[in-house]
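Per TrEMBL, active site, nucleophile is recorded for A:31. Residues or ranges marked as Mg(2+) binding site in TrEMBL: A:31, A:33, A:254. Marked as active site, proton donor by TrEMBL: A:33. Annotated substrate binding site per TrEMBL: A:226, in sequence order.
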């Protein structure tokens, strides 16, 4: 018999509640930027807290929508910032997209992926054995007659959109032409729209590029990063420890629309860390407005809070 | 007392119905591409039909969402294809955007417009006396640190998005940074997403670029082309013949989502020409689904149909 899920309460995780939470949570999925670090600096206490969880025998994974780093690059960054971590714990969206193509996409043998993305995406595709059209900066040329007959590769059977600083009208046009074939698979690493990097300074990211392709192609992409449940299938299939026990797994993130939405829709425990993008006010506003998939069960000021009751 | 609008019936305009329609319609707004011409060829009978309407004393305007031509350029094309037409009858979306900035935007004296667009947009802005940052191809450079501190012009108070073949990540980033200021006005020429130019060949147009900016900036643009009612205010203010009498004005277009939507939401007569993008099946499907703003009152096979009862 189905039991109604309780509404997420957005409770502070502290004192006895934290003790009970740590006791009953076996696995932690940590978002990275805004949770473990900001730019090139670890957030105070985060490495110590995450390392303590591992010492206590918890499974720890790093789950990030940023497509600009490979597993190896994330391992290096994690270690440099003091996290005791290995590449096999890292599930970045470039890796996730490559694994989706390898495990679930059933591409034809000669099929190639048209990539809007950077070198990290290519490395993950190489490692997964996926053929692709290597992205290069594409200078704009010609006019509408020539854009109507841009050279297209013959065996493209999928388009993958990730972050690409060389995103341009020509890349957009090629992607839309491939996607005019309804058999062409349409994937994206993530839908995060932008980062506010300083007051008045916005860096558009993958979701913004994806919106251009989706609008031009009049199609919606399958997104592999958070909040996609593919992450859990991918961890189950590539992790030596096998599938996660969902009710004992927590996602810890700073974004209500990706991290918390992922946790709530996949049946995980969800913890908002107030060290990044989303605020407690926004969480309560979502609750008032009935957007319960973007309300966390718990919140912490930062990942360092996981240390207090532990060591 | 308000009278309920009758549902649009999507009736064929022929025989006695056409006679009555021509008798009682004083003004015609013609969409261009797909209605008067395809590429560089006039659609059969269109010049003769439009010229006959003018001889009969009808007001005739050319209303197009394409931002890539100025009024002068449209006049040249119209005349070359056999239409007896002058620039003052042309309301293209680049002209409309420039007129909106001149008439309704209340920009500060030193204010400049950041333009994503091409030379036609610049010419229309020049003619309207609007200051702007001249768009140039912007090569991609640097990394996230540099994108966070791209040089921005100090007096930008509006962003205008039109078609730009040099659309790139750097232009997108600049636009989103200007738009981080909520006082910065956000305009677009149109929302048309793409053109299918041949089987499997799609040309993304302004709506696709706009989706990237809107997603990155997390804001919605004011659109000046169809279906915006600004067109009617603009015709009223710049045409020597003054405002249109709406109930005696017909929009003739090939797109349900722009032309017919414009007519239905602005209280005009609406005629779908089956010579372009939208089909009769799509019109009836909209009617079944209750999307009545995208159902025309009438349809014709082509603009040549307006000739049969006339001369």
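Cβ coordinates are placed from backbone N, Cα and C, and glycine is handled just like the others.
These figures come from a predicted structure and were not determined experimentally.
Known features from TrEMBL, placed on the structure.
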{"residue": "A:31", "record": "active site, nucleophile", "Cβ neighbours (10 Å)": "26"}
{"residue": "A:33", "record": "Mg(2+) binding site", "Cβ neighbours (10 Å)": "19"}
{"residue": "A:226", "record": "substrate binding site", "Cβ neighbours (10 Å)": "30"}
{"residue": "A:254", "record": "Mg(2+) binding site", "Cβ neighbours (10 Å)": "24"}
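Under the three-state DSSP scheme, residue A:254 (Mg(2+) binding site) falls in the coil class. If you compare Cα positions, residue A:226 (substrate binding site) sits closest to A:31 out of the recorded positions A:31, A:33, A:254. For the pair residue A:254 (Mg(2+) binding site) and the residue listed as 'active site, nucleophile', the C-alpha distance works out to 7 angstrom.
The Mg(2+) site, placed at the center of the C-beta atoms of A:31, A:33, A:254, has further neighbours from the same chain whose C-beta lies within 8 angstroms: A:32, A:34, A:35, A:36, A:64, A:253, A:255, A:259, A:273, A:276, A:277.
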